[in-house]
Amino acid sequence: MNAGSTTKPLPRTPELIAQAYAAMSDQEAERVQAGFAAAAARPVTLRANALKTAPGEVAEKLTERGIPFERVPWYEDAFVLGDGVREKTVWELELYQEGKVYLQSLSSMLPPLALAARDGADVLDMCAAPGGKTSQIAALTGGTAHITACEMSAPRAEKLAYNLSKLGVHGVNIMRTDARRLDEFFSFDHILLDAPCTGTGTFRLGDDRAENRMTGKLLAKTARSQRALLDRALTVLKPGGTLLYSTCSILPEENGEQVAAALRRHRDCSIVPLAVQQAGVADDDAKPLPASTRALAGAFEDGSIPTLKSAVEGTVTVCPSQRFEGFYLALIKKQ
Ligand SMILES: C[S@@+](CC[C@H](N)C(=O)[O-])C[C@H]1O[C@@H](n2cnc3c(N)ncnc32)[C@H](O)[C@@H]1O
């Protein structure tokens, strides 16, 4: 650059983000790039905790405090706060301090909705801390699910316990353990595997530190872990049960490729479509999917939740955008 030039350096692109673009059509790469740019102005979002309040009360209290918000058509408990409202404003609310709301990104509200655990079911959350999705599963089942929540990291397991208690989620069996080594003696009706990943879906243009985090070395490590976690999950899933696999990544290596390989290793398992028109029907046995899963299918189809092409049909890759982090969801059923 010439001395005295005012040209700003271009934002750097982490190796894995460049790798993601290379795997897409030009049109999709442009949408993703625009999403990463818009992410800088992503609004703060929260979930009304149905175990302690109703969305009506949250709407009323936010209005009283002069905090603007919008709702979304696919989930009555989700609130999108107005431009310029920061997390700090939420921390100061009684609603927050009393555990009536939980700060949670819109994308991370999707896996429990797609899993749609039955009331009273045995549910395993394999990678649970800090507990946003564990508590959402509890709320969606009215506190009736028997939940086991695994977390490998000790400080994160403590945070999980704290959050569950604050949110009024009782009776969860918290296991501070490596879920890859869960005893095969266990069995569950539903499993959420919100896997450790590179986090490429959460990238924001201009975040130069992402370059040090999102590396090929990290991808190799997370992909190994995802494979082992998927194998263990599909082993401890009961026949007839469902597993929701999710990542906050847009890399095929962590998403469709993992799922396709797992289905080749576990021939008794298959995809339940989340994204196609017939998503109202669970598969061969033609059981209707729960309302929350159908609402999501509608939102994927009408574009209110933007998606990218997924290599495995019926699974969903959420396109990064101003509102949504890039995310991946696959619902798998065991025969
Ligand atoms: C993507 S975060 C989970 C976020 C969480 N589901 C939520 O909604 O709040 C992944 C978590 O998995 C934990 N983890 C990673 N590998 C694990 C393993 N093998 N067994 C159990 N937990 C693991 C990490 O420590 C991290 O807390």
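Cβ from N, Cα, C; glycine included.
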CYS127, ALA128, ALA129, PRO130, GLY131, GLY132, LYS133, ASP178, ASP194 bind S-adenosyl-L-methionine per TrEMBL; candidate in GLU98, GLU151, GLU158 listed for that same site: GLU151
Spatial separation of CYS248 (active site, nucleophile) from GLY131 (S-adenosyl-L-methionine binding site) - C-alpha basis, Å: 15
The domain 'SAM-dependent MTase RsmB/NOP-type' (34-335) [mean pLDDT, rounded to integer]: 94
